[in-house]
Amino acid sequence: MSTDSDPVTGTAAGTSAGSGLMVDVRGVHKNFGALEVLRGVDLQVRTGEVTVVLGPSGSGKSTLLRSINHLEKLNRGYISIDGELIGYRRVGSKLHELKEREVLKQRLHIGFVFQNFNLFPHLTVVENIIEAPVSALRRSRKAAVEQAGRLLERVGLADRADAYPRQLSGGQQQRVAIARALALEPKVLLFDEPTSALDPELVGEVLDVIKDLARTGTTMIVVTHEIGFAREVADTVVFMDDGVIVEQGPPAEVLDRPRHARTQAFLSKVL
Amino acid sequence: MDTATGAAQAAPPPGRLVPPQRPVPDREDLATLKVVPARHYWRWVAGVAALVVVAQFSHGLVTNPGWDWDTFFLYLSADTVLKAVWVTLQLTVYGTALGFALGIVLAFMRLSRSVILQTVAWTYIWAFRSIPLIVQLLFWFNLAYLYKELGIGIPFGPVLWSFDTMNLVSALSAAVIGLALHQAAYAAEIVRGGIISVDAGQLEAAAALGIPRLRQLRRILLPQAMRSILPNAANEVISLFKGTSIVSVMAIGELFYQVQVIYGRNGRVVPLLMVATAWYILLTTLLTIAQYYVERHFARGAERTPPPTPLQRARTFTRRMRAAAATGGIQK
Ligand SMILES: Nc1ncnc2c1ncn2[C@@H]1O[C@H](COP(=O)(O)OP(=O)(O)OP(=O)(O)O)[C@@H](O)[C@H]1O
Ligand SMILES: [Mg+2]
């Protein structure tokens, strides 16, 4: 398949739904002014799989993740989640840009965990978690609080429901952020360096939560620098450099027998 | 103990006498020694001098017949004055409410992605910050001279409803409109300042969670923006409250106008000015106290352990004093 495949004529998103394809990124280009940050990215993630994205700083990893939930608009290419085009609606041979309101609806299926947590500091832990289910999914407050309790138990913070984010450690805050993303029962979870704002001794507790999610079959794309984590959890490791995917495959291949010189150079630095 | 000399003794410069070492007291000795606090005599002198000045000033306030305290107390809670205080309060409340409501709209217009809305809001703020309040108030007061009739209808088309401006714009509503429009320009900038001070990641996180747009603003953005909006907003409310005295040019019976009317009649200028002053001080104090508690409300989550309120502090203090009285000694 050509990396420059036209979004209009490309194998339409609808056909991928049955094949177990959850995330489909095709020929994605993104530039900020004259700077080309993504230069034709193709990535397929199957349902229930964990994909770990590695790559040097500035290679476009965050931009790719942010494009997947349409926090960034693409310049070319398209992205679909579970067969649904993100940010656009296809009518005949035209792509109609969706309104903000419709994009917000699509995002309900895509969980996003930020590097610096971005919890709402003026809301308690439980209020952070129930905010989106109550306001966007129109769940009853009672049901949402019960679900929040279960999620907090899952991330090991059942006793901190009424704390404010600033009263928690970094690792605890990130676990709340994960619980908050899970509350919408998303089809796919995106993590942008979930542990790089944490002290080394707090990294483990967050990775343990993500590993647990992987075991229960959550579809995830994780940008991280934790090679050990990638080896243990990833079904696919993707190496990005300079706005393109240089190499991808099972961890045993990409991490232990990298074929490309750039991957080898990167791994020799971080390992 | 003198460590400085100790260090100097380590390497005595040649040809200098080494001072005899003082005996170092034992630990037990130190514990029994009495501590004499440093005495700051000049601090005391300055303190006493300040007190003398304050006493003289207060004595002057009480005894100088010019202040005419009898008249002051006679008018402080007179019906006409109370009614005027009420008018002042109404002007403040309506002016603030309308001003900030319009200000919030203008702030969001300036932050919107539409160039037209941005420009309209920018121009409004530019215009109303440029025109002196008193000039603007007089314009409103003379509205009837400019437009005989105000109507609601299709723009540039037929009029469906119309009002006689003389009836519509009473002096009081002209004043409220003037104050509110003036206030809105400043409120817009204060609100905008609060909004842009909120970390962009907050709205991004809200968007990533699919929270509806209006809810993002109301539940996520504004409560956080309130922290930096409030101190400035309180300033504005207080200055609007006192600024209502400008409205006296429109012959509206607010506090300052009423006081002028009274001393115009009886010639007791100073005590009546004091009446107005006392009311302004009292109400500003109440506003300041309200500000403290509102700010505290919006500070939730901002600090790991919020500081106690003055009331809580007073309670701990009395509890400690009582405990001290019971045991016969003050405990830390
Ligand atoms: N909003 C923006 N405007 C202009 N340039 C941007 C913007 N966002 C990102 N970039 C640029 O795009 C490039 C890729 O950024 P991106 O954040 O995707 O890198 P990354 O792979 O996530 O790096 P890191 O590992 O440091 O997080 C960088 O050169 C960055 O400077
Ligand atoms: Mg990044």
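Backbone N, Cα and C atoms are what each Cβ position is placed from, and that goes for glycine too.
As written in TrEMBL, here are the features:
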- B:1-10: compositional bias 'Low complexity' (COMPBIAS)
- B:1-24: region 'Disordered' (REGION)
- B:11-23: compositional bias 'Pro residues' (COMPBIAS)
- B:41-62: transmembrane segment (TRANSMEM)
- B:82-109: transmembrane segment (TRANSMEM)
- B:85-291: domain 'ABC transmembrane type-1' (DOMAIN)
- B:121-147: transmembrane segment (TRANSMEM)
- B:159-181: transmembrane segment (TRANSMEM)
- B:237-257: transmembrane segment (TRANSMEM)
- B:269-294: transmembrane segment (TRANSMEM)
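For the transmembrane segment (B:41-62), the list of distant contacts is 69: same-chain residues at least six beyond its ends, Cβ to Cβ under 8 Å. Beyond its flanks by at least six residues, the transmembrane segment (B:237-257) meets 81, 83-85, 87-88, 91-92, 95-96, 99, 133-134, 137-138, 141, 171-172, 174-175, 178-179, 183, 276, 279-280, 283-284, 287-288 of its own chain at Cβ-Cβ distances under 8 Å. Away from its own ends, the transmembrane segment (B:82-109) comes close to residues 117-118, 120-121, 124-125, 172, 175-177, 179-192, 195, 217, 233, 236-237, 240-241, 244, 247, 252-259, 279, 283 of its chain (Cβ-Cβ under 8 Å, at least six residues beyond either end).
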